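Here is what TrEMBL records for this protein:
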DOMAIN    A:42-75  domain 'Connexin N-terminal'
DOMAIN    A:146-213  domain 'Connexin cysteine-rich'
TRANSMEM  A:23-40  transmembrane segment
TRANSMEM  A:77-97  transmembrane segment
TRANSMEM  A:132-158  transmembrane segment
TRANSMEM  A:191-214  transmembrane segment
Amino acid sequence: MDWGALHTILGGVNKHSTSIGKIWLTVLFIFRIMILVVAAERVWGDEQDDFVCNTLQPGCRNVCYDHFFPISHIRLWALQLIFVSTPALLVAMHVAYRRHEKKRQFRKGDQKCEYKDIEEIRKQRFRIEGSLWWTYTGSIFFRLIFEAVFMYAFYFMYDGFRMPRLMKCNAWPCPNTVDCFVSRPTEKTVFTIFMIAVSSICILLNVAELCYLLTKFFLRRSKKAGNSKQQSNHENKEETKQNEMNELISDSCQNTVIGFSS
Amino acid sequence: MSWAFLRDLLSGVNKYSTGIGRIWVAVVFMFRLLVYVAAAENIWKREHDEFECNIKQPGCKNVCFDHFFPVSHIRLWALQLIMVSTPSLLVVFHVAYRENREKQHNQKLYRNPGKIDGGLLYTYLISLILKTGLEIVFLVLFYKLYNGFKIPHLVKCDIKPCPNTVDCYISKPTEKMIFLYFLVATSCLCIVLNLSELSYLIFKYSIKCYLKRHMKKQQ
């Protein structure tokens, strides 16, 4: 069980996503998860071992490290990636539910069902409309919220995105203010900025996808309204024509009656 | 043999679960198993090496660590994940038994061997009760072993061969505490899901039973 399993789960969602959604998934896997696993984990691997404080007092290093890094960058990123990937599961579950319903219809022998066999149902790609649209849009919305929350948490916890070389610590049992040195601060700063940049790109992609879905929704609605107006206009015209004809018929009838009576 | 085995096991269970059961599987995968493997394991990886005592006496650190951490948090977490996933196997075994029976007798004994009715319903309910019970047992164990869900950054130790009361410092206590709270929160979420699935099934099948009896009476 690792990131590969997540790839399998989310790969299924890929089929039912928009093009922007597919780009988002690619960016997530290549520029975030892969970078995390292949590079970032090595950079932060020796973070506590090589965190050195200018004192021999036992315990001072542990306490200072804990004070300056309540939760390590690498763990925060891992949590961010897990939380950001979770809303896509909602879409996967909704699609699975729809497939299950269609399979049930097919098994019952419903005439409305237009599939030839179960394989076709399994391979079918559902269009993003109806209730699936709401699930999909909701999942993008939650993704945005999680990304924003984690980026803010990063900024708040580490006072910006820079990793300082030296930290001054005077937590007990350090005898007085002690200099503590972080290992590989420049490399860590570079990776932090990289991950933040890719997060921002993902946020932009999500916003674009949201706008695209909303635009499509409103266009579809106005098309439907336009169609029904055209239909009602057409119906009105037909009604007035029929009314005129009825009047003509009744007039001619009256005339004949009058003619007859007179 | 690794966590992938558990993952494959649970995927098999997913087929015979209700909707809430599938949500439970998703929560266990994403928020418990994945977080454990991707993040939590690394925090506790070098807990013994980084446990430091303010003394040079050989053996004192080992003895103090052993006294304060009889079973490491991370091992308890792993045990909890395994124990909590196992009752679902009862359902898988029961379905396999049904299919086996159909094969032996060479006729269709059940409308659908995977449908939750009859004996399979009781097996499913028992598995839910066991899952909830095990979750609660592990939470209580965590609470009792470590005096709550807090991890102090300093513990005072005076066991032989430490010459007197010695300060020992735990590494990354804040990070460990954050993930411990995360574990407790996801456990509680899973307990709530299990209880709601239990009540949903009991409610659904008692209504079915009642309607059947009502129709029989009318006839």
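Backbone N, Cα and C atoms are what each Cβ position is placed from, and that goes for glycine too.
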Give me the mean pLDDT over the domain 'Connexin cysteine-rich' (A:146-213), rounded to a whole number.
91
Taking helix as H, G and I and strand as E and B in DSSP, count the residues of the domain 'Connexin N-terminal' (A:42-75) in helix, strand and coil.
14 helix, 2 strand, 18 coil
Sort out the residues at least 6 away from either end of the transmembrane segment (A:23-40), same chain, that have Cβ-Cβ distances under 8 Å to it, and list them.
3, 6-7, 10, 13-14, 17, 73-74, 77-78, 81, 84-85, 88, 191, 194-195, 198-199, 201-202, 205-206, 209
The domain 'Connexin cysteine-rich' (A:146-213) - residue tally per DSSP class, helix then strand then coil:
41 helix, 8 strand, 19 coil
